[in-house]
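Below is one structure; the comments refer to it alone.
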Amino acid sequence: MELVSRQDAHLREVVWTSAGLQSSLLFFQALFNLLLPDHAADAFSPPRLPEPGLWDLLLERLLGGLSRWDAEHFLFIAERGYLYEHNCAFLPLYPLSLRAVAEGALWPLQPLLRLRSRLLLSAVLLNSLFSTLAAAALYKLGCVVLQRRGVAFLAALLFPVSPANVFMAAAYSESMFAFLAFSAMWQLEKGQSWLGGLLFSLASGVRANGLINAGFVLYAHSKCFALQLQVGSGSLRKLPPLWKQLLSMTSSAVLMCAGIFLPFALFQYYAYVRFCGPGTGLEQTVPGPLLQLALDKGYRLAARNGVKPPWCSWRFPVVYSYIQDTYWNVGFLRYFELRQTPNFLLALPVTLLGSWAAWTYLIANPRHCLTLGLERRKSEEEGKPRAGFCCPAVFVYVVHATVSLAVGFFCMHVQVLTRFLGSCSPILYWFSAHLLQEYEPFLWSEGTDNQTAAPRSEKSLVDKSPGSCRKGTSENPLVRLLMNFRLITPLSKCILGFFLSYWLLGLILHCNFLPWT
């Protein structure tokens, strides 16, 4: 009963911290958007149709900082659909959600606000909700995987001050993806594989990197079968049931992976029909200013003049790959140019942190990594598995984060690596929390600050219940660290400095159309 109460207290603290920081973010983005002039960026910026009214202009002044860069694409798609070819780089579930809220819950505001303004307001409301739910899901996932509520609690508190947090609040799909991905991982860890698969499937309809999550499903089924083989080895009578289980697990894994790939495949088919099918006279239904924008910028409209784009004749006509290659020059080592040095420096902190996490886990579990975590360990057989960041259950998450890091570093625009990892993997938060809890004395319990022999799991303040903290100290370990920032260790200053500086710089730069991650 005490454990449940303690978990509820931690979860409430995570929710309130996330909600409070989201409110602060909205305030500061409005302030910076009012004080600083917008940079004249060469970015997608369609004309506003119809002309905005008084309330539209007011909303734009207050929340316009959250509609910059790629947010323009999401809002445009939600309003106009996939009018231009390069809009197809952005998957449909998030824009559809914006449209549903704008036309549903915000329909009473129709006399005051045009559709685009209601879409922007929908994005702010939805992303605030998704960010808070993602933090809660991260906490629940951490409790199950790490078996250390202290690390899980601190990691979930770090999520609202993520270096990528401006993208969690802006009209981007990161917060929705993080919520779906973390929730799917949590359900998978609890044994709810079909629910986890459904959430992974929804995530792949939000962002294309959701396809990588099929690896979690394959690994879970492989590990389950491998452990059953080890338990049942030496008993010939158990072989037929194992073969039946193999067939059952294989079919289950194939179906779940197919479900994860289905939204992406359906969207590629939709794009093929729209841009490669016969002309439908679409030009007559597109407003003149949007047609002129297509002419000025070279944007390809659907089925224009019967001229089909080159990807239509591919053996596998995947518009997503074509857009990444043609419009954004995404590909292996293509970003390795001297002039991109500032962007590599922007990605350096998250690259170092992700690499350090992978190295730490490898050094702590060399045999576990070599056997891909499929070998049953003695501690597991005795019912005493290792807890914390270096526990066996973290292996698949480290692999996922490392693969994502490598793909982002070598094949993508490297400056997006911070938000790419921050929205798809819990490792960034788990490892940061692990370092803080292991090496920061302010998170150790009273009277043990100078003890080094005892394991940190026995003396961490954040592992104690909120009511057991000594009088006058904060129940929130993140607040406690910030209140004692001058006194904490250099490592803690570096970690918190990275999170907070990117949180603030992201607001200042991104909200004013200045280049950011």
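Cβ coordinates come from backbone N, Cα and C, glycine included.
Automatic prediction, not curation, is the source of TrEMBL annotations.
The transmembrane segment feature in TrEMBL is assigned to 119-139 (among others).
Taken from TrEMBL, the feature transmembrane segment applies to 151-173 (among others). Same-chain neighbours of the transmembrane segment (151-173): 10, 13-14, 17-18, 21-22, 25-26, 29, 65-68, 70-71, 74-75, 90-91, 93-94, 98, 119-120, 123-124, 127-128, 130-131, 134-136, 138-139, 141-143, 206-207, 349-350, 388-389, 418-419, 422-423, 426, 428-430, 432-434, 436-437, 443, 462, 476-478, 498-500, 502-503, 506-507, 510-511, 516-517, counting only residues six or more beyond its ends whose CB sits under 8 Å from a CB of the stretch.
Sequence-distant contacts of the transmembrane segment (246-271) (same chain, at least 6 residues past either end, Cβ-Cβ under 8 Å): 82, 88, 91-93, 193-194, 197-198, 200-202, 204-205, 208, 210-211, 213-214, 217-218, 221, 224-225, 317-320. Here TrEMBL flags 246-271 (among others) as transmembrane segment.
Under the heading transmembrane segment, TrEMBL lists 344-364 (among others).
What TrEMBL records for 385-410 (among others) is transmembrane segment.
Per TrEMBL, the feature region 'Disordered' maps to 450-471.
Positions annotated as transmembrane segment by TrEMBL: 494-516 (among others). Residues 25, 28-29, 32-33, 36-41, 43, 65-66, 68-69, 158, 161-167, 170, 346, 349, 353, 415, 418, 432, 435-436, 481-482, 485, 488 of the same chain, all 6+ positions outside the transmembrane segment (494-516), place their C-beta atoms under 8 angstroms from a C-beta of that stretch.
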